[in-house]
Amino acid sequence: MQRSIMSFFQPTTTEGKAKKPEKEIPSSIREKEPPPKVALKERNRAVPESDSPVKRPGRKVAQVLSSEGEDEDEAPGTPQVQKPVSDSKQSSPPSPDSCPENSPVFNCSPSMDISPSGFPKRRTARKQLPKRTIQDTLEEPNEDKAKAVKKRKKEDPQTPPESLTEAEEVNQKEEQVEDQPTVPPEPTESPESVTLTKTENIPMCKAGVKQKPQEEEQSKPPARGAKPLSSFFTPRKPAVKTEVKQEESDTPRKEETKGAPDPTNYNPSKSNYHPIEDACWKHGQKVPFLAVARTFEKIEEVSARLKMVETLSNLLRSVVALSPTDLLPVLYLSLNRLGPPQQGLELGVGDGVLLKAVAQATGRQLESIRAEVAEKGDVGLVAENSRSTQRLMLPSPPLTVSGVFTKFCDIARLTGSASMAKKMDIIKGLFVACRYSEARFIARSLSGRLRLGLAEQSVLAALAQAGSLTPPGQEFPTVVVDAGKGKTAEARKMWLEEQGMILKQTFCEVPDLDRIIPVLLEHGLESLPEHCKLSPGVPLKPMLAHPTRGVREVLKRFEEVDFTCEYKYYGQRAQIHVLEGGEVKIFSRNQEDNSGKYPDIISRIPKIKHPSVTSFILDTEAVAWDREKKQIQPFQVLTTRKRKEVDASEIQVQVCLYAFDLIYLNGESLARQPLSRRRQLLRENFVETEGEFVFATSLDTKDIEQIAEFLEQSVKDSCEGLMVKTLDVDATYEIAKRSHNWLKLKKDYLEGVGDTLDLVVIGAYLGRGKRPGRYGGFLLAAYDEESEELAAICKLGTGFSDEELEEHHQNMQALLLPTPRPYVRIDGAVAPNHWLDPSIVWEVKCADLTLSPIYRAARGMVDKEKGISLRFPRFIRVREDKQPEQATTSDQVASLYRKQSQIQNQQSSDLDSDVEDY
């Protein structure tokens, strides 16, 4: 009969006779006595062995491999194959209610070796290994059967419901173990009679026997979530309370995750998007970078511009409502920038460094990564694939938008000999922490080629929608999540367009998100014009001119208004800013800070202004100047000048500033003033210096002959032609716009197309004959603003010198792609030998424009089925100051074609009338 453990520690009581010690029972009888079939631990509904801190020794070779102490392999609750001799197959440690007679750990019999002081002697595996008996041999098949049962149960586990958390799954398994049918054991004493308290007196010899498992427990590492040892010798009731507490602690965890879905399932492109309920993070938390990556994925999957804007807008709405401090980093990551252009922060990580970082972070061979990049043509996809195949023992914390953006800025600011190693460490750290598609877009951002088709105007449109639909500045929980709700589709569209114009106009005057975003979050979108105004130090996007084909077109357009003609100088745009403190800044047409490029110009600023002038913004053209001959030098001479950190004493190419507009003066913006007033203030407050600072040569006239003569003279004076501008009517300075109030007239316009075109190089053809081994032709494309795609327009092969072809061939090796970018459209054009990353802009001249069934540019704008191509295109120069998004658009191509047709028709009609009159 199985007895409780207390019977071995208690003296004879009045309730019954004292039981004889176990040692008095002959061993032969003890072997024949059947063991208990189920441990009392299970019968008392105690925790399973898997949760018990009392584990069996991990080193199997140190266990006694006899019938008294077999190693246990069965899982908790698994039906045991009973032995006729030993009960040591139970997986759980001996419970306090029973003392297995043959247990090697809790052997309560005096037959155990005991020292004279009453403590059990130390037993070693080698000394205690008994000889194998026939009984052991007969028990081995039973062990094999039990292990087979265990294996089948492991291979066919019960799948818990998907809604259960990890803690609930464990509890469910425990309940299944407890509910398994068991053979009732022999009656024992009540739980109260077997409870061991601290106040009970235990004999020294018994205490010594009890102390052995405690010492073994102390020598083992603590189990996960280990409890005090005494808790495992208590009844089931406290264990139930513990489980209830665990379930209660798990309940708020499930409630927390209910409102914040997993970022892996985040979908900002869904219809009826809710900025709070559909977000994958909570109020006050940092925006996970995976949310931005998922947004980029959705944008990459579509080609419709409106859908792109809507998807990005949904993400921005959630950021505004939940984590407004992360709005600025999200916008810069969407634009693939690190700040305003004037800060000059660029990542500039080459593909070689990027591939090495991917290899070291993922453990792949560099050669295999390079081969995969050559095959796929996208370092981002290769990084994502390499990262997805790696498994980490301890995953890194999830990436956040602010964390990634900060790391990018750190990379851009690192300089010096050791900077490359530091950059490598930062990049490796980012890749190690990446999940899913995060590696793809981090790699693309680092390479400077995010290329989602998200132009600046699209990002601004998305920001305007987000700031309008989900107004910032609301206390959480946000009351208004969709301010456009209730409006008709047409009214909603017009309202969003008006809101977008407010933001775009503000951005034209203050193209600095660092200044705009704080104001937007504090005061709202409609208050931007009041708080964000034009000021020195913040570069403006310059006003641009439309081309014309001849003097007659100019007179026809400006028939009833006064206008002026100015020389069009062949140089680089230079926007001169002088702040109130006297600091001088010079910016390019792309808002890049060129102050370090022109130290000679900065030194002459105090001489060109009157003392009363404290601050101003001048629009000028920097032109190469020959001081000896006192004449303008060709544009190519200016391009040889050093670009950064120029020492004034080492300057060889001198420049002269030709000023033609004044936008800001002494704290007042002049952009709304007419040109006549701006020109007057320019000449009153500044002084000319020959060869250093000169006003643009101009002529106010409406006489066609005088304009023609003035045009001829401009060409003789090494200028491109004329700029014709209105003086009073519609004569404001339209920032960042190509206005019809400014017209450009070149000498070449009178012979053919009204303007040169700035086109993007998307492919290269290998040369033949005189040009073997290098590129002899190139495939060019125009930019489509509506779809934000590049559409092929012509093949170019003339206008190059041998030196230029060699230089182009070398520079383009770093731009090679196995396939074109997804936003490049060629249709029926002949595919080039090598595809190129579309990042180079060339200025091209042609004889005329023609309809083409092959090229896609401007398709559907003039003809439903045909596009427009160039006849006899010729290379002019590289436009280093332009990005692909600033290339000639399809609308401009169609406009040039229409003007060409109109003039041809007018000329033919004039000839017909002359013939009739003759």
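Cβ atoms are placed via backbone N, Cα and C, with glycine included.
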Which candidate in Ser7, Ser66, Ser612, Ser895 appears in Swiss-Prot with the annotation phosphoserine?
Ser66
Going by what Swiss-Prot says, which of Thr78, Thr819 is noted as phosphothreonine?
Thr78
Phosphoserine, as annotated by Swiss-Prot among Ser67, Ser269, Ser388, is found at Ser67
Quick one: which of Glu621, Glu628, Glu789 does Swiss-Prot put in the ATP site with Glu566, Arg573, Lys725, Lys744?
Glu621
Please name which of the recorded positions listed here, Lys568, Asn590, Glu720, is nearest in space to Thr798 (phosphothreonine), Cα against Cα.
Glu720
Rounded Cα separation (Å) that holds between Glu720 (Mg(2+) 2 binding site) and Arg305 (site 'Interaction with target DNA'):
37
For Lys568 (active site, N6-AMP-lysine intermediate), the same-chain residues 6+ apart in sequence with C-beta under 8 angstroms from its C-beta are Ser714, Cys719, Glu720, Gly721, Leu722, Met723, Lys744, Leu745, Lys746
Assigned element (helix, strand, coil) containing Lys568 (active site, N6-AMP-lysine intermediate), judged by DSSP
strand
Can you tell me which of the recorded positions Arg305, Asn590, Ser801 is spatially closest to Lys795 (site 'Interaction with target DNA')? Compare CA atoms only.
Ser801
So what sits near Arg305 (site 'Interaction with target DNA') in its own chain, CB-to-CB under 8 Å and at least six residues off in sequence?
Gly453, Ser458, Glu786, Ser787, Glu788
The rounded CA-CA distance in Å from Asn590 (site 'Interaction with target DNA') to Ser801 (phosphoserine) is 29
Run through the Cβ atoms and count how many others sit within 10 Å of the one on Glu720 (Mg(2+) 2 binding site).
19
